[in-house]
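Feature annotations, courtesy of Swiss-Prot:
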type	residues	note
REGION	1-169	region 'Interaction with KDM8'
REPEAT	6-56	repeat 'RCC1 1'
REPEAT	229-317	repeat 'RCC1 3'
REPEAT	318-371	repeat 'RCC1 4'
């Protein structure tokens, strides 16, 4: 059996601050473009104005409004308020450093904190690139917020496995595959059926009994993928980021007939369509406060998910990439700036015979890791 060739990272979308996105010409890239240093990169974290790349050799490199590089790094997490860098410390400890982006990796950090990691998880089979765990700390007992108070403890009984931060809310996936949400809820992004805020992590009851494998937080929407490959999505649908019919795109002629299944408060299913048969106006969805079950074309199973501010990207079990939502800067990768309220496959990777393994979205851009098909 031949060894699998190393993969590469690709980028597309907004690059108005000079952050590396493939060719990086102008302020936007409309189609996936290889990163110049993509072969050596193993993790990517993108904020609005800059991106942090972590290499396999443990080096973090910044591109965009923030610049600089440093070695001895395990992970990095970029936000407009803070750059977090996890560095190897003495013995089993790791050192978490926080920097202001405009002075990142120069002089002394704003603050530093020693953490003792839990057992390191093995990479997926094949050794493909993994997305970092920050802002969840390696001890899984706390996380870091880009706004004060920066260090926020988590109840030990939560047994956090993954934590994602939106603009105003947080999602947590625990070791049992349950989802918790808290923070602002004015766009339904918490999934509890109301627009009320939650001060503490609250179990997402609509998904009880379903084991989730991944969660992702957009600016004001949320997505999770189950172990069986199902997608559940909720929150704000202003730009079609939920793949549900939205008035904004219908007025632009972008909405097409399709169907999605939602969950009522009692767990019963309700179906909504983009157009009804008699031509009557569609029941547009502005806010979806409960998880909706979303089917990809051809019944494809999802394995990875990431969200931008108002767009969503999903990787299927067969290595295809689907994107939808806000596309003004080409962040959907469809060679245009069209916004979509339905999942569309990114044909670039199909045409190039590439299998997508990972995706991570910045607010207005998207980064993808892919390998050549048939080389393993």
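Quick reminder: no glycine exception, Cβ is built from N, Cα and C everywhere.
Small disclaimer: the values here were computed from a predicted structure and weren't measured.
The average pLDDT computed over the repeat 'RCC1 3' (229-317) stands at 78. Sorting each residue of the repeat 'RCC1 4' (318-371) by its DSSP state yields 5 helix, 26 strand, 23 coil.
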